[in-house]
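What Swiss-Prot says about this protein:
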type    : residues             : note
BINDING : ASP76, GLU77, ASP168 : divalent metal cation binding site
DOMAIN  : 70-258               : domain 'RNase H type-2'
Amino acid sequence: MATIKEIKELLVTVKELESPIFLELEKDNRSGVQKEISKRKRVIQAELDENLRLESMLSYEKELYKQGLTLIAGIDEVGRGPLAGPVVAAAVILPKNCKIKGLNDSKKIPKKKHLEIFQAVQDQALSIGIGIIDNQVIDQVNIYEATKLAMQEAISQLSPQPEHLLIDAMKLDLPISQTSIIKGDANSLSIAAASIVAKVTRDELMKEYDQQFSGYDFATNAGYGTAKHLEGLTKLGVTPIHRTSFEPVKSLVLGKKES
């Protein structure tokens with residue numbers, strides 16, 4: 001009779017819920033064996049569910065594949081709302097039918113998984129472009145226009161250039177066919193890939209700024225208006241990376257000028 005350890009090693013090779021190996025092992029009434037069977041079935045079911053989820057996020061891409069297009073770029077940005085730091089956009093071209101396990105809207109990915117999935121995108125993408133527009137430009141042209149500039153910069157770095165753009169809730173003035181998708185980072189794998197690249201890139205930048213400008217907790221809040229960030233603003237004032245067109249930074253700058 002096989003040991004439970006041997007059965008556990010055998011079960012790792014089973015990839016289908018209908019496998020005859022399950023049927024045979026279910027005759028073994030040892031509780032340890034039944035526990036390992038249940039555990040393996042849960043893993044297989046989770047993998048099937050994940051594959052279905054990823055498949056559903058390729059619906060926009062598949063429509064474009066039918067038209068003979070393969071160089072499809074997903075575009076997304078991070079950093080519209082913070083009081084400090086740049087807005088960062090990424091453009092990513094994935095191989096046809098590419099499925100990266102765990103890839104999703106970056107806001108839905110556990111923080112501890114960010115770097116792992118970012119690396120998987122880096123490893124598998126055909127091309128990646130990153131656009132970074134700093135706070136000074138944001139203050140000059142407004143955050144909406146700055147976001148478009150960041151996206152255009154990211155797209156310009158792609159090689160080969162894309163045949164079609166899938167963009168998260170935005171239209172760009174570019175001579176490339178494009179589809180604007182509401183909640184695109186949750187509905188398109190290409191946009192989700194861009195989302196995690198932009199997120200990790202910006203988070204790393206804000207960690208560097210945290211070393212330059214201590215007291216604002218940039219490494220944790222990424223420039224968003226948390227209690228610690230606002231406390232830092234009150235105590236230490238405005239840094240060179242703060243967006244002076246955003247409140248309450250704007251009022252602090254005006255108050256300083258008037259005093």
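Here the Cβ of each residue, glycine as well, is placed from N, Cα and C on the backbone.
Candidate binding-site residues: ASP76, GLU77, ASP168. Fewest other C-beta atoms within 10 angstroms, ASP168. Report note: the divalent metal cation site is defined by ASP76, GLU77, ASP168, and the residues of the same chain whose CB lies within 8 Å of the CB centroid of those residues, excluding them, are ILE75, VAL78, ALA89, ALA90, MET151, ILE167, ALA169, MET170, GLY184, ASP185, ILE191, ALA194, SER195, ALA198.
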